[in-house]
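Copied from Swiss-Prot, the annotated features are:
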DOMAIN    24-245  domain 'ABC transporter'
BINDING   Gly59, Ile60, Asn61, Gly62, Ser63, Gly64, Lys65, Ser66  ATP binding site
REGION    246-360  region 'Unknown'
REGION    270-290  region 'Disordered'
Amino acid sequence: MNPKMILTGVSKKYTLYRNNTEKLKAMFFPKTREQHRDFYALKDINLEVYEGETIGVIGINGSGKSTISNILASVIPPTEGEMTVNGETSLIAINVGLNKNLNGYENIEQKCLMHGFSKKEIEELMPAIEEFADIGDFIDQPVKSYSSGMKSRLGFAISAHTNPDILIVDEALSVGDKTFYQKCKDKIDEFKAQNKTIVFISHNIKEIKNLSDRVLWLHNGEVREFGDKNEVIKQYEDYINWFNKLSKEEKEAHKQELKEMRSLAPSLYEEQENGKAGSGGDGTQPIVQPKRDKQAVKSAVWFFSQLVVFAVIFLTAAYFLVVPQLTDGSGSEELEQVAVGAEVQAGTSMGDIDNSDVSL
């Protein structure tokens, strides 16, 4: 089978800021980023999806499912690693790809134009898309007035009729009714019969079992398991059952541990996995806190040095802008008067010199 999507060492990293002021400061002063922690939404993902496959993606909230769907659809780029996609992708997700200020017809036209359709082709597709979405008179209304189900209907209808090579469905069926769900399932089965590749992301295990050939379990931003759907789903359900049996305090501690692990640098993460991180060598203290005092001093010195440079540039620019204005208008008249006065005085002095010469 031919691979349609290949991910090699793909990671997505975000820098966490406490507020918008710190984020803005980091944009203009990159060195201040050293004070903030990096968070891995995805880490070292290696994955191959073949032509005609339907891959189900499962995982608890925050495991990286939506991030990987956005990367596969080229909505966002990976921070690290390489990705190869052989074919045109179409992402179906709530609130993704729809302009909230445009109505249904305008969104259909916009998305079809982005997929390379001509005006004539769009006119021919419009009735089929409108019928599939089945949102009634709301097709004439701005998308911002739609419910989540309506957005999902319209998004799926557009993507299904643009005939993509790879269809990525991210929780888009979770907000629809049973009638619409069956309609979407029939369309997905039609795509499978056409040997198209589908990535299906859902919390609904029953949907994953019914639609998928293989299942990817993402956990804490990493691939926990990938393979036979029955085996992977069983392991996932065992984990969920184990987690649900924990006390409230144990659940919070487990969540905090996972959160801290995703914030580690790669080398520290490897040490954590090998049980070398922490003061006791048992991985109990995975986070190495940066020396914020020294970093703060360095950042402050660097910030004020940049401020001085900016002040010098500003004053220099102001000098060259203000001085020429002094020679215009009233300023030039004053200079002319000064010049005339100087000439008169010089003439008087010369007359005195001439008179003295005569007297001599």
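Every residue gets a Cβ built from N, Cα and C, even glycine.
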Fewest neighbouring Cβ atoms within 10 Å: which of the binding-site residues Gly59, Gly62, Gly64?
Gly62
Sparsest-packed among the binding-site residues, when each Cβ's other Cβ atoms within 10 Å are tallied, from Asn61, Ser63:
Asn61
Look at the binding-site residues Ile60, Lys65 and tell me which residue has the greatest number of other C-beta atoms within 10 angstroms of its C-beta.
Lys65
Looking only at DSSP and grouping its letters into three states, which state does Lys65 (ATP binding site) belong to?
helix
For Ser66 (ATP binding site), which residues in the same chain are close in space, meaning a Cβ under 8 Å from its Cβ, but six or more apart along the sequence?
Ala93, Asp170, Glu171, Ile201
Quick one: which residues besides Gly59, Ile60, Asn61, Gly62, Ser63, Gly64, Lys65, Ser66 have a Cβ within 8 Å of the ATP site's Cβ centroid, in sequence order?
Leu218
